[in-house]
Amino acid sequence: MFLVDSHCHLDGLDYESLHKDVDDVLAKAAARDVKFCLAVATTLPGYLHMRDLVGERDNVVFSCGVHPLNQNDPYDVEDLRRLAAEEGVVALGETGLDYYYTPETKVRQQESFIHHIQIGRELNKPVIVHTRDARADTLAILREEKVTDCGGVLHCFTEDRETAGKLLDLGFYISFSGIVTFRNAEQLRDAARYVPLDRLLVETDSPYLAPVPHRGKENQPAMVRDVAEYMAVLKGVAVEELAQVTTDNFARLFHIDASRLQSIR
């Protein structure tokens, strides 16, 4: 079986007491059939640090972007464009809108979101989107900026079936994290049942949001296995099928050559 953690923050893990190094994290993941990761940046300096931390590997690719919660730290759009064009970068982001924590930066968030989509279209690289308390504006910007030209994923999806449908209409993929396993997430489970298999991704969002039965612990790529097993039950398929489908979806969205994944198997 071959699973992909489609969204993790490898630079945020506890390398002092839980993991020896990135090799250790990836070995723990591989032991649970999680054999490929997308390491997601939230600032430009963070991307550079993570690139140095992880190094060049066959089983890790990167995104480059500025998270909506980091809009108080100015950045140069040309720097974003230059770094996002690097060969190891497969996506723009994590970008999007978060009005829950920082509504005061709403305008800057929207401008940054637009820049990420525009660069994604220029480079033919998809966008990784975060949204919280900003559903209408997120959908509006995705439409207005013609996100269908580059594609993307709504990561760590927490919205309802209706929102999922609107994202699917835009050609988006939808990624589910450990939140889907939480006891009070029935609306999310309803949305997960609705999303077709060929638009589905699974992720950890490590080091956050560890799935049941690991609540309260640091999340890590190995735990995407728990998300996949839970999602397989929701979708009524074997976990092996869900693993294959989500891996194929990941490769298609992020333009990962099948031969690269085959070499890791």
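Here, residue 1 is simply the first one shown, and the rest follow in order.
A Cβ is built for glycine as well, from the same backbone N, Cα and C atoms used for every other residue.
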Same divalent metal cation 1 site per Swiss-Prot - residue from D205, D226, D248, D257 joining H7, H9, E94: D205
Swiss-Prot divalent metal cation 2 site partner of E94, H155, selected from H49, H116, H130: H130
Assigned element (helix, strand, coil) containing E94 (divalent metal cation 1 binding site), judged by DSSP: strand
Nonlocal neighbours by CB distance (under 8 Å) for H155 (divalent metal cation 2 binding site), same chain, sequence gap 6 or more: S6, H7, V40, G93, E94, I128, V129, H130, S175, S177, L201, E203, D205
All-chain count of other Cβ atoms within 10 Å of D205 (divalent metal cation 1 binding site): 25
Sparsest Cβ surroundings (other CB atoms within 10 Å) among the binding-site residues H7, H9, H130: H9
